[in-house]
Structure formats: structure tokens, C-alpha cells
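K.L.:
Feature annotation from TrEMBL assigns domain '2Fe-2S ferredoxin-type' to 16-102. According to TrEMBL, the [2Fe-2S] cluster 1 binding site annotation covers Cys54, Cys59, Cys62, Cys84. Residues annotated as [2Fe-2S] cluster 2 binding site in TrEMBL: Cys124, Cys127, Cys160, Cys162. Annotated domain 'FAD-binding PCMH-type' per TrEMBL: 263-448, in sequence order. Here TrEMBL flags 291-298, Phe371, 381-385, Asp394, Leu438, Lys456 as FAD binding site. According to TrEMBL, the feature Mo-molybdopterin binding site maps to Gln802, Phe833, Arg947, Ala1114. Feature annotation from TrEMBL assigns substrate binding site to Glu837, Arg915, Phe949, Thr1045. The active site, proton acceptor feature in TrEMBL is assigned to Glu1303.
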Amino acid sequence: MGSVENETQLSVEDSHEAILYVNGVRRVLADGLAHLTLLEYLRDTGLTGTKLGCGEGGCGACTVMVSYYDQHLKRSVHSAINACLAPLYSVEGMHIITVEGIGNRRHGLHPVQESLAQAHGSQCGFCTPGFVMSMYALLRSSRTPPSEEQIEESLAGNLCRCTGYRPIIDAFRVFAKTDDALYTNISSESLPGGEYICPSTGKPCSCGSKAVNSNDNCKESTTLGNRYKPVSYNEMDGNFYYEKELIFPPELLMRKLRPLNLSGFAGLKWYQPLGLQHVLDLKSKYPDAKLVVGNTEVGIEMKLKRIQYKVLISVAHVPELNALSVNDDGLEIGAAVKLTELVQVLKKAVTERASHETSSCKAFIEQIKWFAGKQIKNVASVGGNICTASPISDLNPLWMAAGAKFRIVDGMGNVRTTPAESFFLGYRKVDLTSGEILLSILLPWTRPFEYVKEFKQSHRRDDDIAIVNAAMRVLLEKNRGKWVVADASIVYGGVAPVSLSASKTKDSLMGKGWDQELLQGALRTLEDDIVLKEDAPGGMVEFRKSLTLSFFFKFFLWVSCQIDEEQCFGKILPQSQLSAIKSFCRPSSTSSQNYEITKRGTAVGLPEVHLSSRLQVTGEAEYIDDTPMPPNGLHAAFVLSRKPHARILSIDDSEAKSSPGFEGLFLHKDVPGDNNIGPVVHDEEIFASEFVTCVGQVIGVVVADTLENAKLAARKVNIKYEELSAILSIKDAIKSNSYHPNTERIMEKGDVELCFQSGACDRIIEGEVQVGGQEHFYLEPNSSLIWTMDGGNEVHMISSTQAPQKHQKYVSHALGLPMSKVVCKTKRIGGGFGGKETRSAFIAAVASVPSYLLNRPVKLTLDRDIDMMVSGQRHSFLGKYKVGFTNEGKVLALDLEIYNNAGNSLDLSLAVLERAMFHSDNVYEIPNIRIKGKVCYTNFPSNTAFRGFGGPQGMLITENWIQRIAVELKKSVEEIKEFNFQREGSILHYGQQIQHCTLAQVWNELKSSCEFLKAREEVDQFNLHNRWKKRGIAMVPTKFGISFTTKFMNQAGALVQVYTDGTVLVTHGGVEMGQGLHTKVAQIAASSFNIPLSSVFISETSTDKVPNASPTAASASSDIYGAAVLDACEQIKARMEPVASRHEHSSFAELVSACYLERIDLSAHGFYITPEIGFDWKTGKGTPFRYYTFGAAFSEVEIDTLTGDFHTRRADVLLDLGYSLNPAIDVGQIEGAFVQGLGWVALEELKWGDAEHKWIPPGHLYTCGPGSYKIPSVNDIPLKFNVSLLKGVPNAKAIHSSKAVGEPPFFLASAVFFAIKDAIIAARAEVGCNDWFPLDNPATPERIRMACIDDFTERFVRSDFRPKLSV
């Protein structure tokens, strides 16, 4: 087996070697590396800017640019690719450019990097290098400046969990051709008086923002419009961006390709033939060999499905397989042609050939648009997609329907042709013998009056696999003045083990007139033609059946529109029906950010960029897994339970011991200290001893010399179980009385029973609300590196955690060491959102055991699927409500039972339940209220903290019954809300009085600025004229309490050290995870000392600098750590005052030096406790919160009632954040929280093996990666996204009159959810159904479609049908 370390640097003359250029540096690839991906190679050689986010090409964090010389085009081609899927040898002879290769902090940033940093487009920074490289590759590959649409399309394969995408789009938009910079060549900086260049005219004008007034304590209102100020390339570094690019290496221009025959670990062979005959010879020698081009399917099979292929044959350079020819019969497409190349040829054909010939081409172009991200399309081949024979392939139904023919060649060179329709034999089986390969595809031109149309519905529009897709073709001919069907093909994907031709339906169409009778007959036949069993893999059976009919209906209408309407269809198709076939074409998004700048001192209040942004955009910012492995270091991998509840009978490690590189297996008996851990109660084990209580519970840990060897050995540990009954839902837990001990809570105000019985309530409603969970999907997976010092006397670690003190505590507990001998440090983390508050700590405890016992460093970094499986999610909830109210809409009484799904340990679930109970009134005055809460014990991995910490779940339940009251009373929901608003002085159900209430101000200002009444009228008009598309709007308020609800956690420490050169080092107990905490704290220190922000540095969070720190959570970190730092600064200033009062010093540095000479202590420990808080659960009364953050949001959506597809047309968000410490960072937090919340309410669905999903093994998580779990992408954000901060409202209860921002905006995304429901109400009204109905979150396409009852759904479900949800 080779390794990266034993590469040899050879001279240019030795061109017979396998070579690669990386950032302009020639590298020789040794034999023995065939098992490596490009990403593994790059990271092993120290280029850690390219990140591992998922390992399956789904997140884009690993994006690099690959350049190669195209012999056909006679020029260099530049493409963005996923390094995590690219086999190392597949890029042999190419030039790889990573984020490090385009710019760095020392030598200057590339304009793409600079623009992203300045636009606040990097928060946690983990995804940032991927975005930079996607944009960079687009610029390098574009002969003319790209359009805004092209920019957004190029980012579709990149995910971000922090920013909400808006600042990223704005940062890159300056490179679009609509901006002045690329036309005028004038720097706006050089214009007299700082004049602004108009994007439209390229000439100076007054439409831009003026510079911020820099006077101390000034206030200024700033509105950033639809785009950032355009910048020309030379503003960034003095040169046009292309003058400093790395050129394509001349050696690669002159070098001839050569066949490769290389090897890898475990006998893997890699061949790169250069001719068809060579391919055929290899295939006959190795019948089971896999042909690869982009490795986008085989790579995932080998990594995630653990399929071991022994021989891989790369056919990317075989000319016969890359041929593309246009002839009279159609297009002939080589099997190795990449999808990006195919689209270019199809677009060319559409422009050059007669319109009637290219109906199939247009369908392919449209389908490939939504196929995957740009990185995948740049490498994935046509033949690879065909031969994978996936039942949900987007393209195979189109090949079949379009009448394509596949040319197949055998080892003797014999070619046969088979119709696409008969090529697919069964689940992932095709009509190829072991010696045959797919040579090419012939796509015929369509004939006059022949129409081909594509359809696809997925969870997320961009970069997602289909739930159901389809391709349909019909050839019409005139017969006695009537259009009749001469030929047809109807093919579906996602409804059978193969792409399925609806043959009965096709036969029923032949010879029929294209009219309503044909439509109704075809719909009836389709019901029999497409058979889906109740337990079909993938679930959603009713939805999938309804889509088959919806797609055909759309096809019927579309074809009807294509033919001459005047001849026969003018009367058949009313205008309102046409909405069914209006394809969604997303315009470029627009946005505005409106805030007031209240500057205090040198830095507080200014919209400063994130302090690490320049490091993050260059890939220089280090995360845990980027840290070089110490000498003698080991990698760790979990041995996990595969059963939800079972007794462990035996553990056999004999096979693992003989695995290469194996160094040890560690189990519960090996723990030196205590095996029992937990943040509140010690109810979970580091290693399961006798029983396992969930799938994914850690039974042991294997350590080995490499990560792959550790994972391989872990898979070889054989465990035998005795299975026990499992509880797999909240309802199961209620039925079995399965609750965590001592977790029942109750809150009461007034007398609920008396109110219900007194007759005061004109109406009483009862119902239940199911609230779905959510995966954190931080881009950086959990990671810890642990090592011992002094022979094991001390233990040190660096960890990706929000709570270093918890890591310190768990590790000391596990090892039996005092906490004073255990140190945990965290520099930054790639996102947390609560998921790294407690659940990351057990991971460190697991890694500490082998490190301590072997006295060697151990690194444990989780793969994405393992991280999602073991680390817990947002709690799902069940709420059962009974509400009494008057006919005017005044709420009088609420009786609420609330349950959350804790999983197999308590973790923080009780505190999450308590906060849900605190927020179960949202913003409404309820005189009589009783809330009972219980924490359910289930056999799932322990659920944990997530942004909002139970508050959003409690408020969502409330907004559901508020909306129901409006339906019952036939009033607008906004009227009901306003009628019941809390106000200044309101006493809440837990006894706290509301002070400084800005709710009404926020609500009224938003209602006015979004022109709510006008929007309502426009939506109603749209719905009146469109039968199959409906729009909806909603406004949602929020009130979020700020403080940890556990009193002792509201404390903070900080250490401030002033050095003799006048610079300041700050250390505090909070963790930087992208939220800008270090930046805000540094601003506070800078303003306190009246020095520039650049003079303050924060390096890391460390338990040996600031002890006993609370987790960075509860939105309170800026408040408490900012106050602790200010306390330390004030102490130092007080000591300096006698020297400063002499006024003998011209600078802070001189003052510091003078103090030092007078032996004044220039270091101080600051401390802060949140005052005037406390809550007693015995009485159910107290003051749990220091203050409240108020906010409101307006949203408008449009849904396709036939498919459930939706998009957010607009979102306006307004929050009261007092005087913001940094308005730009706060706006970024609002946008990020809103888009993450949008995922929770509308996109992200966790699917577990439970009674509702019997096709998933019991207790297993199906949605454990970006392939199956869909967070919002760049194209899911609102088309118009406006964020404002309330002006002129200082908050007396927090530092510098600011307010907390992290969690409060999250719930406001429920405005999208209720806007969707509003649109569904309009759809149901079309069929006379005006009753209230439940809608669970997330409002996925399935839930939207099945709630929009019509003739199609009624064939499969009743009007009260409720799609299945794991709760």
C-alpha cells in the first residue's frame, strides 16, 4: 500500500510518471494510491482548506477546480468538482486549484475571497472555501462575465447552514455582467467625493449609500438595497483578477495522455485505457470491473454502501465513448459524455434546428437543470447514469419516452442496438452481458406535432433525487379535423424497481382524440397501470400515486397549449387552468437590510466584518480535523449498536484484531474511571455494557493507524444480540407510560376548569399538533483530538464543541482524573446550533479512553452519516390542546398537554420541555392556562439542544390553535392575534411581568412596511384567476426569553491581558461558532480601551484560562461574556487611571508602557452574573428571563397544488435588538436563523424506522446524509428577503443597550409555514372544503399536495388524510 508521504518529486523530464499539478506545483503520484480520493490526498499533503463535509458530493465543502486540456476544443477547460468523490488517479495529468492556490492573507486575497469576506458572507467558515471555489471556477470557465442566474446556479451544489445564503449571493453578484465594474473599468473609490457608480448606466449617480458618519455615539439609519455596491476587480488588489491567476501548466499542454495501470489498498486495481478496444479487453479479463467517469455513483456505493469493487476502469479519456455527433436521424451521444457537455450540445441543437425537431432536447435540458449541483454535472456521465439503472433516475424515463436507442458493443467489437424501453430489466439490472459495455445513445429528433415533456417532484427543487419523475411523449395527427394520437409513451420513475412504462395507458391512448374524454380515460387506466404497495420502499405511497395522475394531467394541458389553440382548444382550456403548466423560472433574489448604527467608542455598534473572515475565505482558518496528526497518533472509529433495544450476548473481535493497522478495541470494561455520564443525571453509558437502547449507541471504539483502517476493523467486530421490545414514537411512549423519571412539569394561571364550565367560553375546540424534529447539519462533523502529557499525568484535547468545560468534565470523569489535569481548547467550530452543547462531550470521552490507556494521541472525527445517526436532533413534540374563546375571538382558557421525544437518555430534554412550556403562550394574553409537560423515553439516540431549545415547538403549537380559532370564527387570523396580544405589564403564566414591551410597535411597523392589506388583496386576486397555483400570506409574531432557564448557568468569566505594545489579548468562556461572538466581544474591549478593533485579539477558548464556563448557548453569550470582558477592562482601566490622568501619553501603547514601568497589573479576570432572575418549579412562578426579544415576520408563498412544490416569494423580518453591538452580524444571524427555520417548517424531514415507516429497519435513521435529508439550498431562500431592526429602542438590561439575537428569529420562519397553509386553504376552497384541517411540519411537497384535495387525490385518500410523520 502506498501513502502520500512516499511520493517522490521527479524532474519535468520524467513525464512517463503519473503526475498532477496542484496550485502550480508538480507532484508525482506513486503507485498504490488508487483507494484515495482527491480530497484525502489534498488533506494528507497539508492542503486542508478543502473540507470534508459529507463525503457523498452533497454539500460542496470539498469543491476544487480541475483544469485539463481538451484535445477536441483545443483549449483548457476549467470545472468545479467534488474532491470527496473524485478518485485521485482520475485527475492524473490535470491541474488542481484549491482555495489556497488563489489567494491568502499574506500575499493578498483574490477578489472572490475579498468580496465574500467584506460582504459578511462567512460565518462559521467551514463551507466558505467550497463557495469560493465554485465561484472561482465559474469565472475561470466563463468567456464573458456570468449572469446573476448563472452565479446562483453555480452555487446550487454548495450548502451553508449559517448565513441564509443572502450575503454570499450579494458578495458574488458584483462579478455579474449587470454590474458596472466589468464595463466601465473605473474604480468607484477613485471618483471625486466618493461618488457611486450606477449599476445600470455605469456612470456616477446618487443612488448609492453614502459613507457612515464616524462621530462617536452617532446614530445613523442604513438601508442596504438590492445589491452591495458593485466593485471592480482592481479595487481588491490593484490588478484585474485574471492577471494573477495560476496558468495552465505548459507541461500538461504538451504531455500526451498515457494508459494507466495502478493499484491501491486491498488489491484494488485502477486502469485508464485510452482506446475502446483496450476497455473491451479489460472488461473481458475482469468481467466484474466497474467503468467509471465521474465516480459519482460508484464512489457512493463504495463509501456508504460498503460495496468493494476490485477493479475500476476509468473511461473518461476513451475517444469512442466521448463522441458527440449531430446527424439527420438525431444526436449520437457517447456513453462517457459528461452531463455538462450534453447540455451544451442540446442547447446548440435547439438554437440551430427546427423547433419541432428538438422537443426531446428541451425536455432533457430542463430535467438536467434540476439533476444535481454543478460539481456533479461536471463529471457525471450519461452512460453512468443509464447503467446505474436507478429506479429514480431523472434521465432514464426520458430516454425511454423519447424513443432513444442504445448502442452496445461486446469484446469482439460487435455492436448491437436496443431500444431504451427494453434495456432496463429489473432493480439495477440492465441488458448488458459481462463482456458488453454501453457505447453510445441515439436520441432521435422529434417529428412535427410530436411533443416530449419531463416531470420531476423532489423534496427540494435543487440538487435532490426525485420522489417521482416522469417523461411523456405523444405524436398527434389530424384525422377528420380532429387531433388523434398516432404514437405515445408514458414512463415513470420512483414507482417501481425500474423506470416503468405505463403500457396499458399508452395502448388506451392510441387512435383516440386529444380531448377531455381521452384525459379521463387515461387517468382511470393509470390507476391500474401504476401499482404501489402500502409498504413500498420510500413510503409516501398515496403522494406518489397522486403524482402519476398530476403529471399526466399537466402533460395533457401542456400538449393542448402547444397545438394551435384557435383550431380546437380555445374553449377546452379556460385561462385559469393554464397555471398548471406555467413552469417555475426562478428570478434572481433581491434583498434589503435596514438598520440604525449607534456607535459607542471606537468599535461598538459598527457593522464590522467577522474577525476570522479573511482566514475563512482563504482556507487558512483551522478546524479540529485540519490539525496535523501528532507523531504516533491513532485514528478512532465507533463500534455501534444495530438494534434499537437489545441485550448484548457476545462481542467477537477476533476478525478485527487481524485487520491491517489495528491497535486495539476498547469496551466498557476498559474505562479507567466511571462509565456513566450525563449533563444533568448520569443515565447514559460511554460504552454500552449489558443493554443497548438505540441504534447507533456506542458499544466500543477501535483505534488504528489510519481512519480507513479503523473503520474497516470496527466493521469486523461481530456482536450478537437478544432483541427486546422497543418504543419508537411519542404515542408508543404514552401508551406504555414510558417517561424519564422526575420529568413531569406543570404550570397554572387562573382556573381553567372553572372557565370551561362557567359558560364564559362561547366555543371550545380540541385538537393535537405534531411537531417534527430537525437535524442540526452543522457543516463540520463532530471531531476531537486527545493526547496525554507527562506519561498520562495530564490529558489535553482540542474539540469541536460549544461547551469545552463539559468535555473537560466528561473526560476527567471517564479517566478518573481531577479536572485540573484535563484541558480542553476550542479555537472555532464549523457550526453548532446546540448540537455540540452536550452530545459532542461523549465523543471526547470515548476517544479519551484509548488515548489514555495507550498513551498515544487519538483523533475521532465522525463521518456525516454516523454523526447524524448518533448525535441526536431537535426534539419532536406532541401537543394536545383544549382552548376556550368568545365569539369575538378573545382567548379565555388554554389546557395544554405537551410531550417531547427525549430518546434513550435525559440529556437536556427536561430543560427543552420547560422552555417549550414557558413559550406556549407565544405573545398572547390567556387569563386561564394550565400546561402539563412530560419527557418521553424512547429507543432513539438522545435528542438534544437546537436553536430555540423547545421554544419554537411550543410557539408552533400555539400558532396552530390561534389559526384554528380564526377559521372557526371566519375571521382573519391577524385580527385574532392582535385582539389577544400581550402588552406592557402583562403577567405571564409563570409569574413574570413583561417590561419594555415593543410587540405592538414591531407588529404595526412590519404590517405597514410589507403593505399587508395590499398583499392580501393581490393574493386573493391571483387565486381567483389560477386554479392550480395558489398563493398565501401570513404574519407571525414572537417573544423569546433571554437567559438560561437554569439559574446557575447565567454566569461568565473572562481574562483580559494588555501587552506593552498596546495590544490586547482577550480570552473568555464562550465559543466562536460563526455567530460573531469573538467579534462582538473584541468590539466591546476595543471601545472600552478606546483603541482600534485591530488591536484586540481573541485566540481560542480554553478551560485552563477561564474555568467553569457555561456552554455557548441560549443566545446569551454576547450579553454575559461581553459584560465579563467589560468588567475586566474596567478593572485594568481603574488601575491605569492614576498614570493616565497625567495626560503625558500620546497613545494607548505609551500609556501601557508607562503603567508597566510603574509595575501596574495589566491583566484582569472579569466576571458577570445575570441579575434579577430565578424560577421555582415547586410554585411554578418566578422570573426565568432577564428580558425578551420581540420580532415579527411576513411571508408570501406560491404552491403548485398538483405536485406540492412551493417557493417563498417574499419574507420581511423585523426584530427589536435594542442598540445592536454589530448590526451586520445581527442581520446575518436573523437571515441564517430564518432560513434554518424555513428548513424546519417546510423542507427537513427526519424519517425513522417506526410504525409509520415500516420500510425502514426499526430504530434506524433513514435520512442520515445530504442525499436523503434536505436543508435549504441557495435557491430555497425568499425571492425578496428584507430584514430590518427596530430603531430607537435601547435595552437597559443588557450590555451597551443591546439584545440577544441567535435564537429569537428562528421561529419567525413559521410565517412561511402558515403562508403555505393559507395557500392550501385557497386550494381546498375550490372544491368547497372550508373546514379547518391539520398541517404538520415540515410542510413538505407531500403534505402540501395531499392537503390540496381534488379529483386526483380523492381517488386515493379521504379529505382528512394526514401523511405519516416520525414524532
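Heads up, the Cβ atoms here are built off N, Cα and C, so glycines get one too.
Those TrEMBL annotations? Automatic predictions, nothing curated.
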K.L.:
What span in Å does the substrate site cover, taken as the longest CA to CA distance among Glu837, Arg915, Phe949, Thr1045?
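P.N.:
That value is 16 Å for the farthest Cα pair.
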K.L.:
Binding-site residues Cys62, Cys84, Ser381, Leu438, Ala1114: which have a Cα within 10 Å of Thr1045 (substrate binding site)?
P.N.:
Ala1114
K.L.:
Around the Cβ of Ser381 (FAD binding site), how many other Cβ atoms lie within 10 Å? Please give the count over every shown protein chain.
P.N.:
29
K.L.:
Which of the binding-site residues Cys160, Leu291, Phe833 has its Cα nearest to the Cα of Arg915 (substrate binding site)?
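P.N.:
Closest by Cα distance to Arg915 (substrate binding site) among the binding-site residues Cys160, Leu291, Phe833: Phe833.
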K.L.:
Rounding to the nearest whole angstrom, report the longest C-alpha distance spanning Gln802, Phe833, Arg947, Ala1114, listed for Mo-molybdopterin.
P.N.:
12
K.L.:
Does Cys59 ([2Fe-2S] cluster 1 binding site) have same-chain partners at least 6 apart in sequence with Cβ under 8 Å from its own Cβ, and which are they?
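P.N.:
Spatial neighbours, sequence-distant, of Cys59 ([2Fe-2S] cluster 1 binding site): Gly53, Cys127, Gly130, Asn158, Leu159, Leu779, Arg864, Pro1266.
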K.L.:
Give me the count of other Cβ atoms within 10 A of the Cβ belonging to Phe949 (substrate binding site).
P.N.:
28
K.L.:
Give me the non-local Cβ neighbours of Gly384 (FAD binding site): same chain, 6+ apart in sequence, Cβ-Cβ under 8 Å, ordered along the sequence.
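P.N.:
Residues satisfying the criterion: Leu291, Val292, Val293, Gly294, Thr296, Glu297, Val298, Ala335.
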K.L.:
Compare the C-alpha of Arg947 (Mo-molybdopterin binding site) with the C-alpha of each of the recorded positions Ser381, Leu438, Glu837, Glu1303, and give the closest one.
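P.N.:
Looking at Cα distances from Arg947 (Mo-molybdopterin binding site), the smallest one goes to Glu1303.
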K.L.:
Out of the binding-site residues Cys54, Cys162, Phe833, Phe949, give me the one sitting nearest to Ser381 (FAD binding site) by CA distance.
P.N.:
Cys54
K.L.:
Could you check which of these binding-site residues, Cys84, Leu438, Phe833, sit within 10 Å of Cys162 ([2Fe-2S] cluster 2 binding site), going Cα to Cα?
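P.N.:
The binding-site residues close to Cys162 ([2Fe-2S] cluster 2 binding site) (Cα within 10 Å), listed in sequence order, are Phe833.
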K.L.:
Within the domain 'FAD-binding PCMH-type' (263-448) only, compute the mean pLDDT.
P.N.:
95
K.L.:
Can you grab the distance from Cys160 ([2Fe-2S] cluster 2 binding site) over to Cys54 ([2Fe-2S] cluster 1 binding site)? Cα atoms, rounded to a whole Å.
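P.N.:
Each residue's Cα considered, Cys160 ([2Fe-2S] cluster 2 binding site) and Cys54 ([2Fe-2S] cluster 1 binding site) end up 13 Å apart.
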K.L.:
If we count other C-beta atoms within 10 Å, could you say which of the binding-site residues Cys124, Cys160, Leu438 has the fewest?
P.N.:
Leu438
